[in-house]
Amino acid sequence: MKIIGILGIQGDIEEHEIAVKKINCIPKRIRSVSDLDEIDALIIPGGESTTIGKLMVKYGFIEKIRNLDIPILGTCAGMVLLSKGTGKEQPLLKILNVTIKRNAYGSQKDSFEKEIILDGKKLNAVFIRAPMVDKILEKTVEIISKDGESIVGVREGNIMAISFHPELSNDGIILYEYFLKNFVEKN
């Protein structure tokens, strides 16, 4: 069985652990840099990107994650952290060739659910203070999901990033299965 780590320093950690179990993988909460050596893939969860970034710096995660050669999925704040920039000064991994507009859909009270398409399948996506891709910086970045004209899902190499929270959706398992099939099992 594949072991999928969930960065466990802030954010929707438990919900991702439940989803990982549903796709017959073993979840591992990542609390220290050494935990990263024991996983086949990594999920960087939603939460507060500035807080997660500062904690990643404090505990030495930035360089280690930048040098990982495993699939990485970033959801919501995780998408922000993977990006090259946000227009705001904050710690970022800078390993995904996109810039991000933070809180593109508004505040917490503007949260919503909307049906999107991922890999030809309908998925009810939960957007909470969600970011969106502002600009694609390299042709190696592939759009995998949109909300109208807004880009809400991308992939580049072994990195996948989405604006929404699949761990909070009844059919979010579709996204985890996509990540497993197209990233984790191919690594």
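For all residues, glycine too, the Cβ spot is worked out from N, Cα and C.
Of the listed candidates (ARG29, ARG102), Swiss-Prot assigns ARG102 to the same L-glutamine site as GLY47, GLU48, SER49, ILE128, ARG129. What surrounds the L-glutamine site, by Cβ distance within 8 Å of the Cβ centroid and not counting GLY47, GLU48, SER49, ARG102, ILE128, ARG129, is the set GLY46, CYS76, ALA77, VAL80, ASN103, PRO131 from the same chain. Listed recorded positions: GLU48, GLU167. The one with the lowest count of other Cβ atoms within 10 Å of its Cβ is GLU48. ARG129 (L-glutamine binding site) carries neither a helix nor a strand DSSP state and counts as coil.
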